[in-house]
Amino acid sequence: MAPPPSLAGLQVEATAFPPSVKPPGSSNTLFLGGAGVRGLEIQGNFVKFTAIGVYLEDNAVPLLAVKWKGKTAEELSESVEFFRDIVTGPFEKFIQVTTILPLTGQQYSEKVSENCVAFWKSVGIYTDAEGKAIEKFIEVFKDQNFPPGASILFTQSPKGSLTICFSKDASVPEAANAVIENKLLSEAVLESILGKHGVSPAAKRSLAARLSELLNGCK
């Protein structure tokens, strides 16, 4: 087994993302692939809503290296296919979304659901099973509120489950709030961040830069 990737942690606004984390619902320690803000241009100002960190299982590096070794950070950051390979790859992923501005669970889940459904419809894979998974996703968030500094945590298993946790700060709890067994929903949550229309270009650039370095160091 290759030694785990050695990358530093990252600071995004007030949130410090550690270099590695053991996610809820997992027995593995994952490394920090990249992190960045999610924001929107509002009346000429860039308003930052959340800080997002994306962690990957160690075996992501050799698996991605087969196709992507030798590419520059810029080439990776502009490749829709590269991020699709991260989203659908057979390795665990963990996503930490920490709020910068206050957010209700309803606001968050409705926006994520909207992005997931739009993606599924664009690729023609929306079925009743996905509809039910979305209903469950919205239900999990219904009574939640996220003041600044609170976190929403997703663990994605390659087998298809999505483990959801909430934390009042940036710490990672051991127990899950919910587990949804739907592979397409699990992937779509990350797709909504890293995909072609992903909500965090900053996290995509960070992932591309850090992974380019790791992939090019692959033997």
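From the backbone N, Cα and C atoms, a Cβ is placed for every residue, glycine too.
Look at Swiss-Prot and you will find Thr50, Asn115, Ser192 tagged as substrate binding site, backed by similarity to another entry. Under the DSSP three-state reduction, Asn115 (substrate binding site) is assigned to helix.
Residues annotated as site 'Important for catalytic activity' in Swiss-Prot, with similarity to another entry given as evidence: Tyr108. Here the Cβ of Tyr108 (site 'Important for catalytic activity') has 20 other Cβ atoms within 10 Å, regardless of which shown protein chain they belong to.
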Euclidean distance between Cα atoms of Tyr108 (site 'Important for catalytic activity') and Ser192 (substrate binding site), Å: 12
Cβ neighbour count within 10 Å of Ser192 (substrate binding site): 21
Cβ-Cβ distance under 8 Å to Asn115 (substrate binding site), same chain, at least six residues away: Ala188, Glu191, Ser192, His197, Val199
Cβ packing number for Thr50 (substrate binding site), 10 Å threshold: 27
